[in-house]
Amino acid sequence: MIDRYKHQQLRIGSVSPQQISAWATKILPNGEIVGEVTKPYTFHYKTNKPEKMDYFVKNFGPIKSGICACGNYRVIGDEKEDPKFCEQCGVEFVDSRIRRYQMGYIKLACPVTHVWYLKRLPSYIANLLDKPLKELEGLVYCDFSFARPITKKPTFLRLRGLFEYEIQSWKYSIPLFFTTQGFDTFRNREISTGAGAIREQLADLDLRIIIENSLVEWEELGEEGHTGNEWEDRKVGRRKDFLVRRVELAKHFIRTNIEPEWMVLCLLPVLPPELRPIIQIDGGKLMSSDINELYRRVIYRNNTLTDLLTTSRSTPGELVMCQEKLVQEAVDTLLDNGIRGQPMRDGHNKVYKSFSDVIEGKEGRFRETLLGKRVDYSGRSVIVVGPSLSLHRCGLPREIAIELFQTFVIRGLIRQHLASNIGVAKSKIREKEPIVWEILQEVMQGHPVLLNRAPTLHRLGIQAFQPVLVEGRAICLHPLVCKGFNADFDGDQMAVHVPLSLEAQVEARLLMFSHMNLLSPAIGDPISVPTQDMLIGLYVLTSGNHRGICVNRYNPCNRRNYQNQKRSDNSHYKYTKEPFFSNSYDAIGAYRQKRINLDSPLWLRWRLDQRVIASRETPIEVHYESLGTFYEIYGHYLIVRSLKKQILFIYIRTTVGHIALYREIEEAIQGFSRAYSSGT
C-alpha cells in the first residue's frame, strides 16, 4: 500500500518481469509461496464463496478480517494466536484491507506485446525498431514470420526479414527430410513469429547507438536542403520529425532505466480483488466486474496454450501459432477492448469495460476518484460578475459560507457564551439567527478562501480571495481575474475551498492572493487586463465627442448626438448650451439628477498646475465680457483670462464618463503611492 506520508507522487511506466513477480509473490507463514494465478474460477455457484487457488482468495487474503475461507476466526495481531494462517485453505489471518493492494500474476505461456505500446499513436515499438506498424502487427498476430540472422552458426534457410508464413513451400517439403521433433527444433532456431520475435529485436537494441545514428541521419537530411520537389521535401520533413521522436524516446528509456523489451509481457499482473469486485445483489445473484471475465478469458487461453506446449509434443505448429494469437488477443481485450476494431461484448450485446476504460476519461479512476473527488470544506457554484468588488475579494453566497465556516461559527458561539454546546449552536445556525451572521462576518474577515476553475492548467487556475457575504446563490468574482482562470460569465462554475492549517493560510496570503498574481508566469505579460464586457463598458463610458467643439458648432449633421434637440414645430435644431461645472462632484451630481447624460459634453474647471495648453495652438473663438475678462475657446479646453491676460481659470471639455474613469485611475495611483511610501 502506498504510504501517503512517504510518497508524494505517482509515476506510471513499464516495469520488469522481476518487479511484477516481487509485487505479487507472497510467502505464507508455512513457507508456501503464492502469487501466481492458474485457475479461472471465481465463486462457487452453490456456496457463493471463492474457489481455492483462484484469483479471488488465497493469493489475496481473507474477504473478512481474521476469517479464512473455511470460516475459522483468529484475532488479528494477537501474538498468542497460532497458527497465523489456516492449514486447510491456506488463507492468512490478516486484515481484509490487504485485498485492496495485494496483487497476483499470470505466467504467460508465450510473450505478449503490450497493446498500448504497439497500437497507440505514436507506436513506441515501431519508433524504436524503425519499422512500419503494419508489418509489426502482422508479426505479432502471426500473419508474418521473421527469419533470424543467427551469427556463427550455419543457416539452412537463405531468408532475411519478414515473409508470409502461409505461402512458403518449405513448410511442406522440408519436413519430409526431418523427424517431427527435428523439424520443430529447426523451425524454432531459424524462424520466429509472434510477440517473441518483437521481444528478441527489442532486446538486441542499443539505445545509445540508436541516438547516434538518428542524429547523424538527421544532420545528413538537413544538409541536403530543398530538392524542389514538394513531395520529396514533405517526405524528408516527416523523416526528420520521426528521427527527433525516436531520439527523445530512446533518451527517455535511458533516463528512466527502462529496458525496451519490457514492452513485451511475460508476466501479466492481476489486479487486487477489491478493485475488480464481485458483489451480491437482491435475490442472491452475483454481479461481477467486467475485468474478471476478461481475466478469466486470458487464463483459459493461456492454460490451453500451456497444455499444447507441454503435454502434446505432436501438436502442429499452425495450431500453436493460432493459440498464441488467441492469447495475444485476449490480453489486448483486457488492456484495451476495441483497440483492434470490433470490441468484445457479453450475451446482452454490452461492451466489456477493459482496464483502459476503467482508468481513462472523466469517469475514470484518476479523474473521478483520485483527482476530482469531493473533499470537506469545499463548495461549488456558478460565477457572476462583481464589478463593485476589490481585486482581491470575492462574493460568497450566505448558503455556501455558513456551510464552509460552520465549525468556526460554532466555536465562536460557544466562546462568546451564546451557546452552551454544539447542539445549541447548530440549532441557532439552522434557525438563521442574526447573531450567526455577525459571527460569520468576523470569522470570514481573517480567513481567505481558494477559488479553482477546472481544468487547472497553470498556477493561476487556483487563487486566493478575501470572502464577503453576498445575496443570491452565485459566487461573485471581479472581472479582471477572469483571464487567469480562463473563465467568463456564461454559466461557468468554480469550486471554493477553505484552507484549514496555518501553513495553508499563510501560503494563500503571501503567494496566492489575486493581487499578487498580476503577471503571467509563462511570459511575464500582464494577465489582469480588461477583456470582453470591461472593454465594452470602457468604450461606452468614454464614447463622448472626440473631435472638439467644432463638430457641435459648425457641423449641423452631428448636432443630434451632442444634446441638440429637434423642435416639434419645424425642422430646425435647438442648440443647448454646454454647462460649466467647478468640480467633478458637481458634474457627477448633475448626472445622478438626470440633468445631463453620460456622454453629454460639459466644461469642467481644471487645476492650474496641470496645463493642457498646446504652445502653438491658436483659439477658435475669443469672447469678451464687460468687465474686461475674456474667454479663449480652443478645441478641447477653454481659458478665462483677466484684463492683464493672466489665466484665471481653465476649463476642459469632457463628459461624465471621462470624469468617472479619471477619478478611478487617480484613486488607484494615490493608493499605490501611499502603499509604496508606507513600505519604504
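Please read every residue number as a count from 1 along the shown chain.
Here the Cβ of each residue, glycine as well, is placed from N, Cα and C on the backbone.
The Zn(2+) binding site annotation in Swiss-Prot covers Cys68, Cys70, Cys86, Cys89 and rests on sequence analysis.
Within the same chain, residues at least six positions away from Asp488 (Mg(2+) binding site) with a Cβ under 8 Å of its Cβ are Cys482, Gln532. DSSP classifies Asp488 (Mg(2+) binding site) as coil under the three-state reduction. The Mg(2+) binding site feature in Swiss-Prot is assigned to Asp488, Asp490, Asp492.
Applying an 8 A CB threshold to same-chain residues 6 or more apart, the list for Asp490 (Mg(2+) binding site) is empty. Highlighted in sequence order, Ile383, Ala487, Phe489, Gly491 have their Cβ within 8 Å of the centre of the Cβ atoms of Asp488, Asp490, Asp492, the residues recorded for Mg(2+), and are not part of that set.
Around Asp492 (Mg(2+) binding site), the same-chain residues at least 6 positions away in sequence with a Cβ under 8 Å from its Cβ are Val382, Ile383, Arg453.
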